[in-house]
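Participant: First the structure, then my questions, so here it is.
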Amino acid sequence: MSTTETTAGPLLQFESVHAHYGPVEALKAVDVQISKGEIVSLIGANGAGKTTLLATIFGAPRTSSGRILHRGEDISTLPTNRISRRGIALVPEGRQIFQDMTVEENLMMGTTPIGMGHFEEDRAQMFDLFPRLKERRSQTAGTMSGGEQQMLAIARAMMARPELILFDEPSLGLAPLVVKRVFEVLAEIAAMGKTIFLVEQNANHALKLSQRAYVMVNGRIHLSGESAALLDNAEVRKAYLGLH
Amino acid sequence: MQNNRLASLLKEAVLTFVISLILFGPISGLVLDGFGFRNELGRSVTLAAIITAGRVLVSLAGMSEIGKRLRSRLTSSNSGVTVNTGQERSPLLPLAVLFLAGLALPFFADKYFLGIAILALIYCLLGLGLNIVVGLAGLLDLGFVAFYAVGAYLLALGYQYLGLGFWSALVIAPFLAGLFGMVLAFPVLKMHGDYLAIVTLGFGEIIRLVLNNWLEFTGGPNGAPVPAPTLFGLEFTRTAKQGGVPIHEFLGISYSGDYKFWFIYVVLFLVVCAVIYAVHRLRVMPLGRMWEALREDEIACRSLGVNHVFTKLSAFMLGASTGGIAGVFFAVHQGFVNPTSFTFFESALILAIVVLGGLGSTVGVVLAAIVLTILPELLRDFAEYRVLVFGILMVVMMIWKPRGLVRLTRPAFFPSSHSEAGIALRLEPQTEAGR
């Protein structure tokens, strides 16, 4: 894990990024900055382009114009597997764990970018963070509950010792109590010194957890600023928090 | 309750009777007689009655205590995957016994049985190869027979043009077939499921058609002869044909055509064991895990940094290599190859072996290969109904064992009892550090 990075400037930066799905423009001149150690959240309605924004980091879809800079280097043309080796991990939407593989095998898959060198140590750390996974270590992942699967997806991403973790809707389809637990875990992960970019529909939780936030509407960044300020913003309260 | 059962049984019986009457009515009830029909409906009613009686008997048997237990045992395996606990008894002893028994087989079997055993082992190899592609990596390949043909023709044509023998072909075949696997894999890297199946189907046919139509090079439908194998220059023919010494003269024993088959069997058996071991090792290595992960979820795999191009290519190439080796053995066993041995039916049969065996399960594939080669031989008594019975058995197997004969077992990496101790040990320094 690289703890001291000499490169100045943001860890990850979108520079007027455009992306298309066929003729449909999904991202329109998006500018986003994430600095090391921050928790940044991205909120917005269904179909606003939040997931697309995350997906362009991994090159699917590729950007049609603009640059994505990671530590000052453009990564928008790199192959997907090289990007994950730069210390960026994704916890995909809908969890996407390997259902027929055991919990431990899922964790092993997470080590792909860095190899099995630290496996024992990192697994012990993950089992501390998620005691349920330890209980279910040799169970096939598909037999676990939704919340447990989400925990596994997070643990799997952590196994690559990433510096920056992208979370795509980690609270999707989970019971309220489990959602609360997921956000507690996110806070714990941030306390370990990881940088977090969180895409969420659950604006309330996301804004309370993060330091800064972006609001996305129709493929554009509509609002941005301190999360605390956005929580008080009249428009955000009305559109995303259901308050008046 | 009793009434309810009786009623459902009656309903079932009537339904069976009606359906079989509809099915058999026109087929066996109407007989063409010159330009008219003769009515033989009584016959079809009898047939339908027999089938109905059979159905009722099966239902009654299913309701009895023994039947219930049998049924729950047969269907309980639907959940899919079992995970080793890591505390299973080591299978080393039974494996060693099996290995020795396999090696000793030629001393007990007659020529006919040995021939079937060789064929079963060839299908084992093919099944193991396709299992890597379909079972582990989840890439549906309907043209697997192409690599089988590449291996077989390598020996035949290599002998004809380059003077290659059995051993050199055995060494070259995996590389050549692997190369063909790569040629196929590159254009299909972005395809999934049905589309992939169609392209591979086309690839298999292309290879067969080229072999069939390139008369001057392959001999076309006339096929090509294959040399007999040699062992350190010793030949298995009555008189030396490849510049060596016939083995019976060398050993001072009388000639028998069986020696050749003994030799092929033993070499093939050792190769199959080696391939099984290799696949077993691969499954617990990162590459094997990546194949299985790719089968489950390609998107997740790519986000984890799995190089999907390399992973797919390696699966295709290793599968193809195994198919190529099987081809060499097939050619040397037959002593002759022609394109009719490499039709789509072969691909389908190999796929059936993999699916019936249980996708991904090595033991299952080996069992299914043996069952599917021996079954048609056992059914020889049924003469022309052989294929029909074969088909019915496959359908029944799939209904009872939809996940294949042998369920996939996941390897246990860390035996529970040991790892608990291990974790306790690892935690201690941490707690000390915490103070």
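Any Cβ shown, glycine's included, is placed from N, Cα and C.
Any TrEMBL annotation is an automated prediction that lacks curation.
These figures come from a predicted structure and were not determined experimentally.
The feature transmembrane segment is assigned by TrEMBL to B:12-32, B:44-63, B:92-109, B:115-137, B:144-162, B:168-188, B:261-280, B:313-336, B:348-375, B:382-400.
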Participant: Give the one range among B:44-63, B:92-109, B:144-162, B:382-400 whose Cβ atoms make the most pairs under 8 Å with those of the transmembrane segment (B:313-336).
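Facilitator: Per the Cβ count, the answer is B:144-162.
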Participant: Who are the long-range neighbours of the transmembrane segment (B:261-280) in its own chain, taking Cβ under 8 Å and residues 6 or more past its ends?
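Facilitator: For the transmembrane segment (B:261-280), the sequence-distant neighbours (Cβ-Cβ under 8 Å, at least 6 residues beyond its ends) are 99, 102-103, 105-106, 111, 114-115, 117-118, 121-122, 124-125, 128-129, 131-132, 170, 229, 231, 236, 322, 325, 329, 332-333, 362, 366.
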Participant: For the transmembrane segment (B:12-32), could you work out the same-chain residues 6 or more beyond its ends whose Cβ comes under 8 Å from its Cβ atoms?
Facilitator: 38-41, 43-45, 47-49, 51-52, 55-56, 59
Participant: Per the 3+ Cβ pairs under 8 Å rule, pairs at least 6 apart in sequence, do the transmembrane segment (B:115-137) and the transmembrane segment (B:144-162) touch?
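Facilitator: The answer is yes, given that the two segments have at least 3 Cβ pairs within the 8 Å cut-off.
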